[in-house]
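A.B. asks: After the structure tokens below, expect a handful of questions from me.
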Amino acid sequence: MSGSQALTSLCSKSHRYSSLFPPFILSSSNPHRRIPRQIRPSTVRMSSSHPAPSSSSAASTTSSAASAIDFLTLCHRLKTTKRAGWIRRGVKGPESIADHMYRMGIMALVASDIPGIDRDRCIKMALVHDIAEAIVGDITPSDGVPKSEKSRMEREALDHMCTLLGEPSRAKEIHELWMEYEENSSPEANIVKDFDKVEMILQALEYENEQGHDLEEFFQSTAGKFQTEVGKAWAAEIASRRKKNKY
């Protein structure tokens, strides 16, 4: 079953679950991908205080569990949605969005210590930086969506997901991590931005080796754009291995 078929099946099972997903329109460049028509603006509860205790702690726990499972059900799309760039280039069995984010998290875990850098924050940021794509999908330049519109769509999707999660402290953390990455506003964000590019070119090298594709465009798109020493060093190692494989 495809990701879109699974989503349709899930939403048809229960009226309650239909509220998890906003209306979609088809991408003009890829009729099998869906882009949200408009996500209802929502306000994310950013207060770090806990909600007032309910009259029944059991009911509160049940409600919290339901919100968490609703959120995780929506995140399932990250596992089933394939990265659009690889599909466009005819890669067989391309990685999913979740595959990409997972290896970025591993990169943050295994990278050498850097003074002043919060490793745990880097790992968390890697795990959430593409989370809005659970709703909007993997929008690429070939989709013809302006950068400002893509950003708006993703921010609205993020708000929707954080509201769905319900837990104020966790929603606040996810929102802050995503915004920090999006705005490239910290040393941790600089590193995770580099890991995003490193993971892509490493994956490109693997697809070249495994399937015989020429994926030069992915290497060209990242050339000279690494911001950190670890990003530059890892990219150089990948480039060196690619050169050896070609000759």
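Quick reminder: no glycine exception, Cβ is built from N, Cα and C everywhere.
The compositional bias 'Low complexity' feature in TrEMBL is assigned to 47-61. TrEMBL lists 97-201 with the feature domain 'HD'. If you look up TrEMBL, you'll see 42-61 marked as region 'Disordered'.
On this model, are these features tucked inside or out on the surface, and what's nearby?
C.D. replies: Averaged across the domain 'HD' (97-201), pLDDT for the predicted model comes to 96.
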A.B. asks: In the domain 'HD' (97-201), how many residues does DSSP assign to helix, to strand and to coil?
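C.D. replies: Output for the domain 'HD' (97-201) reads 81 helix, 0 strand, 24 coil.
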